[in-house]
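The structure appears right after this line, and notes come after that.
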C-alpha cells in the first residue's frame, strides 16, 4: 500500500489581489496532488490564508470595516479564484478559524511552560508590510540624519521600516541551532533545489541564530496569549502551525494528522519565505517533538522584463484575465512549463501567446485533428487493433515513448515540471514525425499496404492516449477532450500506462473539434498588454528604431577583442573575513571552479559591515587577472565585480543554481 501524501501551499496573506505568482504556487501543488492521486496515493492538499497581523488591521481600518469582515471578503475572493483555476484542495484553512486559534494558544503556553519561550524586550527596525524585523545591516537602504544617526530605512522587499521597541516573548531558536544543522546534514535533500540549504546555513545559522520575537503588543488583531492577553501571538508561530492544525493536531479528532503527518509531507513555498520554513518551522517541530516534513521546495518568481510585478509599472498579470480570454489549460501549461527549477522565469505576452500557438495548437492540437480525421477516413472511425512492429517505424516510436515515460515520472517525482512536460512534448514531436515517416496517405492508396495503415492508425491513437494520461495533472480539460475524441473515458489512473494498452474496437468521434484554435498573435499580445495597464506598449505604436548614441563612459572605449580577453566567472563565497590592519579590505575564499579554492582581496569592507552575509553567495569575478600581493602577505587572485552608484556599492551575484566556474559573457 502506498504512503499517504500531504502537500501544502504557503497560506497567503490577504492584503491585496493575488496575481500569477500566487497562482503559480497553488497550481504547482495542484499538479503534484493530482499526479499522486493518479499514481494511487491517498492525498491531502492544503491551502488557505494567513489572516492575522498589523497590516490586516490597518487595511480594515482604512476600509472602514472590521478586520474579520475584511478577511471574510478576501477569503471569498481567493476561494473564487481557486475555483476558477480548478484547484483540487482538500481543505482551505484560515488562521481565524476557531480550532486553529485554540491550538495556537495552547502551543504557546506549552512552549512557555517548557522554557522554549521567554519574556524579554525587543528593539529593532520593523516592516509592517513584511511583518518582519530587520537589523541595520539587513536593510537595503539606510536613512541618516545630519549627524549620521540612522533614522529609518528600506527593507530588502522595498518597504519602509520603522523603529519598534516593545516588550515581547521570544522563541529560543538559538537553543536548537546545532540540532537543526545536524538535521540538515542527515537530510541533505530536505530543501530543494540544491544550494538553498547552504544559503540558509551560511546566512542565518553560522553567523549566530538569534531568538525570535513571537508576540506583539502594538496591535490586537491576532491570537491573544492566554496567560498575558495584552500580547498577541506574532505571525510565524500562528501561521506555520496551520500545517498541523489543519489535519487535527491538538484536537479531539486527529485521525488525519496521524495518517498524513506520518506519510510523505511536502511543503512548497516561494523563495522569499524559505527562511521561515527552513529554520523556524523545523525548530518549532523539534520543540513539539513532532516528525519533520520530507521535502521543502522553494521555487523562484515570475518576473517581468522590467523587474518584479508592480501596479505602478503597469506590468501586473492577474490569472483571471488570462483564463477568461484563453481558457484555463493554457495558463496552467504556461506557468508549469516556463519556470525553471530553482530560478526565476520571465513572463512576456509574446511568449504566452507563442506557446499556445506553437506548442498547444500546432504540436498537440494538429496531431489530434489529423489522427481523428484519418481514422474516420480510412477505417470509418474505428481504431484498428494494436499490433507491434506493423511498420518499420513502430519499434522506434515505442522505444521513444517508453524512455520519455520513464523521464516523465522521474521529473514529476522531483517536481521538475518543465522537464516533465519536455518529455511529453518529445513524445508529441516523435509522433508527428511518425506520420511523416509512414505517409499514411500513400499506404491508403489502392496499391498501398492496408495492414501497415492499420498499424499506423493504432499507434497514433495509442500515442495520443499516452499523452492524454500524462498531461492530465496539468491540463484536465485538454486530457478529457483528447480521450473523448478518441472514444475513451477520462483518465483515472497513471500507475500502469503502456502504448499497447489501447482498448480494441474503440470508435473515435465522427468529426473532431480543434482543442486549441490558432490565435492572432498581434491582437492577443495587445490584449494582454492592455489588460496589464501597459497600453503604451501595444504593437500599434511606432516601432523604436535604435540610433547610435554618444557613449557616456568614465573610461576609454575598448574594442570587442580587448573585452573578450577578460574571463568573468561565477564563484561561490566559502569564507570571508576582515583583513587585519585594513579598514577597507575583506579577504575571500571562493570556489571558482578551479578544483581548489582561491583567495581574493576586495576593498568593500565599509559597504558590508556584516561581511558574513556574503557567505554562500555566488559572485561574479574576473578570473584571469594577474595575481598580486597585497598588505605584504596576501596573494589576491582575481577581482570581485560590483555595481556602484554614489556612495552605494553592491556586489554582483547570480542565482544559486548556476554552477561554480560558469563563464559569464
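Every residue, even glycine, has its Cβ placed from backbone N, Cα and C.
What Swiss-Prot records for 12-22 is motif ''HIGH' region'. The motif ''KMSKS' region' annotation in Swiss-Prot covers 308-312. The ATP binding site annotation in Swiss-Prot covers 311. Per Swiss-Prot, the feature domain 'tRNA-binding' maps to 562-665.
Counting same-chain residues at least six beyond the ends of the motif ''HIGH' region' (12-22), those with a Cβ under 8 angstroms from any Cβ of the stretch are 47-51, 53, 55-56, 59, 71, 74-75, 77-78, 81, 129, 131, 270, 301-302, 309, 316-319, 322, 331, 335, 347.
Helix, strand and coil content of the motif ''HIGH' region' (12-22), in residues and according to DSSP, is 3 helix, 1 strand, 7 coil. Per DSSP, the domain 'tRNA-binding' (562-665) is made up of 10 helix, 46 strand, 48 coil.
Over the domain 'tRNA-binding' (562-665) the predicted model carries a mean pLDDT of 88.
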